[in-house]
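Data first, discussion second: the structure below is written as structure tokens.
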Amino acid sequence: MPSFDVVSELDKHELTNAVDNAIKELDRRFDLKGKCSFEAKDKSVTLTAEADFMLEQMLDILRSNLVKRKVDSQCMEIKDAYPSGKVVKQDVNFREGIDKDLAKKIVGLIKERKLKVQAAIQGEQVRVTGKKRDDLQEAIALLRGESLGMPLQFTNFRD
């Protein structure tokens, strides 16, 4: 039976490249030079600046560099800014994988449309199986059309 997996993966290498490019752009910006910094740790980035408006500019720089490197900005989870001495810090976490709530929502969407496919939750991914390839492609089109708050990739398509 044909099947495919719905996953939400983050390319860590491209994320690192985007953060490195954002750091280089900070060095070129006269208004932010020496006043702001990015600190990357695994799947999180800490923004440090002297004022709140600088944090907003840094977030815009980070978003634009993520888009250039083709990393979807929907996976960003932006925390609230907090003061730390004379500076203001803000954490940005990058989510990866499909959590149980989103997986249930995906399965519910597929069942609600009464497509001739079955969806099963398998850890951090959803496996969709059906008798015809056309039914699977219809399910992919349905999921691409929905706004679920996380970037979805479709992998392991088998006939």
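Cβ coordinates are placed from backbone N, Cα and C, and glycine is handled just like the others.
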3',3'-c-di-GMP 2 site partner of Lys131, Arg133, Asp134 according to Swiss-Prot, chosen from Asp101, Asp159, is Asp159
Largest tally of Cβ atoms lying within 10 Å of a Cβ, found at which of the binding-site residues Asp134, Asp159:
Asp134
Separation of alpha carbons, Lys33 (3',3'-c-di-GMP 1 binding site) and Arg133 (3',3'-c-di-GMP 2 binding site) (Å)
54
With H, G and I counted as helix, E and B as strand and the rest as coil, say where DSSP puts Asp159 (3',3'-c-di-GMP 2 binding site).
coil
In Å, how long is the longest CA to CA span across Lys131, Arg133, Asp134, Asp159, which the record gives as the 3',3'-c-di-GMP 2 binders?
11
Listed in sequence order, the residues of the same chain lying six or more positions from Lys33 (3',3'-c-di-GMP 1 binding site) whose CB sits under 8 Å from its CB are Leu26, Asp27
Distant-in-sequence Cβ neighbours of Lys131 (3',3'-c-di-GMP 2 binding site), under 8 Å, six or more positions away
Met1, Pro2, Lys116
